């Protein structure tokens, strides 16, 4: 019965020593003196602020990408015990003792180190030799720009890691498809492909390029699968559903999960709140949530409200008025109504308060019980501090002459009667009888007399308007836009009919407590939209560059300079690798076109299996370079050399593939192959030499004289290399 105990339990495993060695050397190259320099290096000043926000649970908005990458960096800070108390105000600032520098830089370094053996695996899974796979890994290992970027608290190395993981997982899934479809191994690699793609997109939006590449290759394979007559219709349907679930539905769910965790962690109000809607701000602890606590939910006749423009461009602002009037004559000689100015003011102020008045009654207080304002009701808006009514008429606006001037009406006893009736239009209502709600309702005010809509033009007024933003009456024919939509942010029920008492009331806190819970999907949708539309800093930077500069490595970035010595870190690539990778891409394209033309004439230079392998390698490697590089020509943003690193990674994978193909298929004789191998060895030796030569700028651990620094610029390095060899 217990006979199985008479024999030892034996477990056998195959260990690829190439992978072990490459992983070990990759870790050594990335983790060596990782905490040096103990100072803020380039974009660490940018990401460090967000890590501090995570540590303190303060909400922030970053338009550069989704939150997954920031959360990974924050995880390093959390594991290192970082409390978030550091002022990330300048590059080169020394880190205080409470900042766990090694821990904060650990995850990017691990990502960069693991990308080395992953490059080996990808080339091997593509069906090429161990020699080619080792060559790809070694090129990843010694490329100076990849080393530099992965040793700092930056996200490019993490993005590259998940890009490569997505490609590797799909290749392993595709190879499993040939042998055991629907096996646990098959499902594992398929699901991991979807998760890796979602992680790549979750780190930076440019990760979507690799995701689309994998989807494209998967779609082509699925198309061939549909044409496989050996499979039943049910089997084909199961294959398609599995791919749709793992490569489309799962990445969407994982992407949503990133935002769910992000919003769960950042529940406190912070400096970026104002770009969000009032409803979003009210969902955060502190800030507007504190200000609006206890507000009545339903707006009634007699309510005192502040009206925030939903568009929030160029800055968030509130409908505002003050005692000053429009100039009688503008600088261009055009006349105005000389009525009281109405603007949009980007700061909270007592002059932002308005009273919602019933046109049929004189009272400015809320009845008991309150009479709620509904969609379609006609109202008057009375400025709280001056008691003048919001008005528009057939007078051109100050800076937008195609639109009507908006004012608070002053009776000058001239032939300009008041036109102060506005119809309420609730744009996000669920029915035609919906009540106007605080924060939740998005409304438009349609002028009864002229059908113009109250709109923020966003143009700053001159000095006579105190540089506040222009508000106009726009005709309905101009259509819907967020600049015409407003929502009630602060709200109270008016209690006093007397002006002096009402002015005191406008400064007092509200009393009634109404809970407002914004759903996760509503918060996600708004945050995602803001992240996609928020304008970044597009100003020129000292180290900005163009995509054309990247290919020829005609640019670099000075990341850090020691304050007392001349030791420094530069993002500078290995010119031998960059030039060879570009040449390999060109050679692949020419060979692919040549083979394609020959196959069209029924001349097959490659057997079918090797042709398919050649095409797949080009689709993933050359295609990976193209999709991660060419879109930057269309982007209107400040670009830097590090934006090219994901594309370069795919080129590096393609380089040994092309070299092996040339050696195996284009070198006909043994002599040609021997010469070719000698050239490859000399080329790799030169790449290693340049990498070692640039080491002081990669690690920044040695002082450099001005002449030594000049000699390490790639053009000068290339000249030195030519003279030496």
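Using the three backbone atoms N, Cα and C, a Cβ is placed for every residue, glycine included.
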Given ranges 101-118, 209-226, 227-244, 281-298, the stretch to which TrEMBL attaches the annotation transmembrane segment: 209-226
Integer average pLDDT (0 to 100) for the domain 'MIR' (370-427): 90
Three-state composition of the domain 'MIR' (431-491), taking helix and strand from DSSP: 9 helix, 29 strand, 23 coil
Composition by DSSP (helix, strand, coil) of residues within the domain 'MIR' (296-359): 3 helix, 30 strand, 31 coil
Annotated stretches the transmembrane segment (575-597) and the transmembrane segment (674-694) touching (3 or more Cβ pairs under 8 Å): yes
Residues in the domain 'MIR' (370-427) grouped by DSSP into helix, strand and remaining coil: 0 helix, 26 strand, 32 coil
Within-chain partners of the transmembrane segment (58-79) [C-beta distance under 8 Å, separation at least 6 from its ends]: 47, 49-51, 100, 103-108, 153, 155, 158-159, 199, 201-205, 255, 258-259, 261-262, 265-273, 275-276, 284, 527, 530-536
